[in-house]
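Notes to accompany the following structure.
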Amino acid sequence: MYMLSRDENEPLLSRNGTHQTPADTACEVTNNGRNHDSETATSSHGLDRKESSGPLPKDISRIAGASYSFLVMGLINSSVGVMIPQLQRFYGLNDIQVSFLFLIMPLGYLLAAFANHNVHMRFGQRGIAILAPFCQLTSVCLIYAHPPFILVLISSAIGAVGTGLLDGSWCAWAAGMKNANTISGVLHGSYSFGASLGPFLASTMLSKIHRPWYDWYFFLSIAVLLEIIILFSAFRSEDAAKYMAEKPEEGKTNISQLAVIVQQPSVWMCAAYFLADVGTESTISGWIVTFVSRYHHGSVYNSGLCSSGFWIGMAAGRLVLGPVTDFVGIRSATATYLVLFIMSHALFTISTTPVLLIATAALLGVFCGPLFPNGVVLLLSHLPSRLHVGAVSFVALIGQVGSALLPFALGALSQHLGMRVFPIVVFAELVTILGLWVCFAKLPVRPPDLHVRRQTVNEQQSGGHDNQNDH
């Protein structure tokens with residue numbers, strides 16, 4: 001997890017614990033929002049507080065179940081890029097038509113965001129553990145039946161609802177656990193493993209075993225069936241009554257907070273940055289297989305390995321570059337990563353051998369990895385802690401809009417100009433991200449010591465006269 005440093009001479013980021021890995025997502029929202037107050041108050045150097053004990057034995061099965069569901073999530077999400085050329089050949093689709101996949105899946109995430117609260121209120125976490133994988137199972141089974149493409153789109157949206165429910169729910173749950181950083185790291189590590197494995201397994205099945213594309217969804221259906229069994233077993237006692245007893249404040253809404261959030265210039269600056277960043281990430285992961293197969297005449301297997309390399313690089317970048325960001329500082333480090341991202345993209349474009357293509361695709365992932373979490377941390381430095389969860393949820397939602405629009409735009413352009421526009425479009429997007437980051441980084445930062453003083457006052461008021469004397 002990233003923490004804000006109080007010393008202006010230190011880098012903005014200080015880091016401890018397991019670094020979070022990709023889902024783009026809600027763990028960044030809930031961890032930074034819920035834990036920031038206590039973490040800042042307990043250490044003068046911005047280090048995470050030490051937990052007195054690890055998870056209880058009854059929590060081990062739930063952690064394992066949630067981790068497995070994140071692995072399945074990674075398998076499903078990362079294989080879309082491998083399947084695009086197969087879907088085009090099977091259904092006779094052009095680039096614009098197949099690009100509707102990118103538009104439809106974020107809609108499923110949006111529906112999940114609206115449904116998540118109601119499912120918890122009515123059925124608790126047990127409802128999520130049943131409903132979400134059931135949506136995924138419905139999706140992969142329908143696609144396995146290779147129906148008309150319109151039903152493939154609808155099925156993808158249904159699956160995205162399930163994935164969105166799992167993503168948001170388990171991340172919020174993990175953020176409230178003891179050792180929240182470690183547990184969140186395990187969840188996202190599982191996602192990274194699944195996302196790295198998915199393109200490799202799918203391309204192996206297509207090119208080495210010579211199975212039809214829809215057999216991949218038969219494999220996914222087995223994985224999701226196992227997910228249903230594991231999650232129901234782990235969360236069978238987590239009903240609505242228990243959830244409400246543990247989180248009575250969840251039944252309340254605060255519309256006025258959203259009005260405050262949208263008035264913050266830093267929120268809109270970060271939203272624009274995330275729209276470009278998440279959209280570019282989705283453009284690369286969604287179209288890299290098609291680009292390598294068409295532009296570089298790569299085989300199905302090697303093209304799939306490029307996709308796997310990108311996902312592996314994403315995970316490695318978030319892990320390895322964390323200490324570098326701590327040392328250099330978030331503004332300079334992120335700008336440097338973006339410049340290196342652009343240079344790696346140029347190398348990827350001109351590479352001619354499979355080994356170089358896979359290696360440079362991994363480099364793309366390495367420098368793409370830290371961009372989203374660094375944006376989260378910089379945003380938090382501009383806002384009071386009470387706005388953290390809502391603000392990051394809002395900008396992450398804007399990022400999902402980017403993940404729909406930018407890949408679709410590339411598909412529309414490639415339909416008329418060919419896949420040779422891929423490197424040009426990605427280059428333009430990366431330059432845009434760099435420009436947005438420079439503008440974002442120049443915004444004045446909210447003084448950290450003000451937050452510390454307010455937190456101390458709150459603790460004094462809640463702790464009674466004895467605590468006031470101690471302070």
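Glycine too: its Cβ is placed from the backbone N, Cα and C atoms.
As recorded in TrEMBL:
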{"type": "REGION", "residues": "1-56", "note": "region 'Disordered'"}
{"type": "COMPBIAS", "residues": "15-33", "note": "compositional bias 'Polar residues'"}
{"type": "TRANSMEM", "residues": "63-84", "note": "transmembrane segment"}
{"type": "TRANSMEM", "residues": "96-115", "note": "transmembrane segment"}
{"type": "TRANSMEM", "residues": "127-145", "note": "transmembrane segment"}
{"type": "TRANSMEM", "residues": "151-173", "note": "transmembrane segment"}
{"type": "TRANSMEM", "residues": "185-204", "note": "transmembrane segment"}
{"type": "TRANSMEM", "residues": "216-235", "note": "transmembrane segment"}
{"type": "DOMAIN", "residues": "265-471", "note": "domain 'Major facilitator superfamily (MFS) profile'"}
{"type": "TRANSMEM", "residues": "300-321", "note": "transmembrane segment"}
{"type": "TRANSMEM", "residues": "333-350", "note": "transmembrane segment"}
{"type": "TRANSMEM", "residues": "356-380", "note": "transmembrane segment"}
{"type": "TRANSMEM", "residues": "387-409", "note": "transmembrane segment"}
{"type": "TRANSMEM", "residues": "421-445", "note": "transmembrane segment"}
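Under the criterion of 3 or more C-beta pairs below 8 Å, with sequence separation of 6 or more, the transmembrane segment (185-204) and the transmembrane segment (333-350) do not qualify as touching, having fewer than 3 such pairs. Here the transmembrane segment (151-173) sits apart from the transmembrane segment (333-350); fewer than 3 CB pairs are under 8 Å, leaving out pairs fewer than 6 apart in sequence. Here the transmembrane segment (300-321) has long-range neighbours at 19-22, 74, 78, 81-82, 85, 189, 192, 195-200, 202-204, 206-208, 281, 284-285, 288-290, 292-293, 333, 337, 354, 357-359, 361-370, 373, meaning same-chain residues at least 6 beyond its ends whose C-beta is under 8 angstroms from one of its own. In this chain, the transmembrane segment (421-445) does not touch the transmembrane segment (127-145); fewer than three CB pairs sit within less than 8 A of each other, excluding pairs fewer than 6 residues apart.
Just going by CB pairs under 8 A, the stretch in 63-84, 216-235, 333-350, 387-409 that sits most against the transmembrane segment (96-115) is 387-409. Only residues 6 or more beyond the boundaries of the transmembrane segment (333-350), in the same chain, are considered here, and those with a CB under 8 A from a CB of the stretch are 11, 317, 321, 324-325, 356-357, 360-361, 363-364, 366-368, 370-371, 374-375, 378, 423, 426-427, 430-431, 433-434, 437-438, 441.
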